[in-house]
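Trainee: What follows is a single structure, and I will ask about it in a moment.
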Amino acid sequence: MNSRRNFLSGAGAITGALAAASVSRVALAALPEPVIQSKPDTMAPLVPDSGRPYNPVVTLNGWTLPWRMNAGVKEFHLVAEPVVREMAPGFKAHLWGYNGQSPGPTIEVVEGDRVRVFVTNRLPEHTSVHWHGQRLPNGMDGVSGLTQKAIEPGKTFVYEFVARHPGTFMYHPHADEMAQMAMGMMGFWVTHPRGRHPLIDQVDRDFVFLLNAYDIEPGSATPKIMTMLDFNLWSWNSRIFPGIDSLNVRQGDRVRIRMGNLTMTNHPIHLHGHSFTVTGTDGGPVPKSARWPEVTTDVAVGQMRQLEFVADEQGDWAVHCHKSHHTMNAMGHDVPTMIGVDHRKVVRELTDLIPDYMVMGERGMADMAQMEMPLPDNTAPMMTGQGPFGAVEMGGMFSVLKVRRGQPAGDYRDPGWFKHPAGSVAREVAGALPDAPAAAAPGTGAMPRQAPAATDVEVQIRKPNGHAGHH
Ligand SMILES: [Cu+2]
């Protein structure tokens with residue numbers, strides 16, 4: 001959790017409210033020095049050392065952008081630029097982001113803060129920043145062409161507005177959006193309430209991340225930006241399992257998890273071992289009378305959700321997208337279904353031709369997670385992760401909520417694997433088993449068929465092209 005933070009050192013006052021317009025050379029010399037992050041680790045929460053107090057969030061595999069107070073205004077400096085993002089150990093992607101990482105840093109402010117964000121464009125094309133969910137003057141909304149001129153390469157613009165409403169927000173370009181978001185340009189924004197708020201509870205842990213997706217061919221590093229649906233990397237904050245850090249909390253903690261979806265499809269996010277309520281969206285806090293318990297909540301495209309629960313059960317609890325294809329990494333989609341196919345004869349013939357031919361998927365796909373398959377350089381395995389009991393066989397949008405009695409308050413370090421109390425783990429049954437009747441009897445229905453089938457026919461279905469397109 002060591003961060004290499006170059007704290008703000010820029011000096012000099014910037015006077016007057018600059019509209020979303022190009023900053024002059026003179027003003028540029030007075031900009032806050034941009035803070036760059038070189039690591040993809042989850043950084044410790046940034047406790048505010050100026051401005052109004054608040055309880056900071058923790059960005060999963062990310063960080064919060066430091067600011068400078070300038071005559072009562074909170075000043076931030078975002079730099080849009082190409083970055084190299086480690087999406088998982090051994091796999092780096094060439095993305096676009098902000099201040100050294102994709103997503104960019106989380107911005108945290110307090111309700112009522114006057115905020116000034118400088119945006120420098122070091123991309124090869126123009127950009128802009130839209131402040132998703134904020135209530136602000138129209139000219140600060142960041143839609144290039146509509147509310148401002150695009151920020152050309154090499155230029156710096158400034159946005160300035162009052163963070164009027166507390167809540168869970170994000171930022172992203174509103175210029176060449178398809179390409180720029182497919183390349184990873186996005187970041188989280190949290191506006192904390194000013195003092196007590198009737199609909200916003202105080203929590204002990206507050207995690208944030210964005211749901212994003214990439215299409216990067218195995219062995220390459222740059223996303224294919226024309227992909228509309230067939231992404232092969234489903235990520236949280238541009239990290240894929242097992243590269244996503246665990247969410248480490250103390251038993252009894254009130255926990256908030258905030259997320260926003262900038263992919264091209266919805267993600268039903270599922271938490272094991274607990275139930276939660278959705279306490280807010282990017283539209284604001286949800287009235288208490290409109291909250292109900294859930295264990296899965298769908299985050300649709302362009303939506304943000306904040307979940308809250310009391311972490312009252314110790315253990316290592318999975319938290320993941322419930323679309324099973326979103327807990328897989330690249331290579332998952334052009335493999336035919338082979339379950340039930342007997343390869344033995346064909347393998348004998350094939351190995352005469354190709355000595356190291358390998359059979360995949362004859363008994364399901366779990367074999368793949370155990371197999372040491374040769375992979376091209378710079379590729380994440382499709383299903384992987386080694387847990388205390390063996391292979392976890394996951395990828396993509398998957399992590400673990402670790403609830404521990406002994407986790408100190410404010411400590412986000414990984415406590416290691418859960419030590420289960422004796423006799424509390426599912427185990428193999430020993431000894432003789434009773435005979436179970438085989439399921440040979442035909443099923444029933446609402447009414448009889450018109451004419452009964454003469455003989456039972458077993459249908460073997462093999463999809464012709466895998467299942468590309470089902471998303
Ligand atoms: Cu999903």
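Going from the start of the chain as shown, residues are counted 1 onward.
Placement of Cβ uses the backbone N, Cα and C atoms for every residue, glycine included.
Below are the features listed in TrEMBL for this protein:
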DOMAIN    90-194  domain 'Plastocyanin-like'
DOMAIN    221-336  domain 'Plastocyanin-like'
SIGNAL    1-29  signal peptide
Trainee: Quick one: average pLDDT across the domain 'Plastocyanin-like' (90-194), no decimals.
Mentor: 97
Trainee: According to DSSP, how is the domain 'Plastocyanin-like' (90-194) divided among helix, strand and coil residues?
Mentor: 9 helix, 48 strand, 48 coil
Trainee: Using DSSP, how many residues of the domain 'Plastocyanin-like' (221-336) fall into helix, strand and coil, respectively?
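Mentor: Final tally across the stretch: 7 helix, 50 strand, 59 coil.
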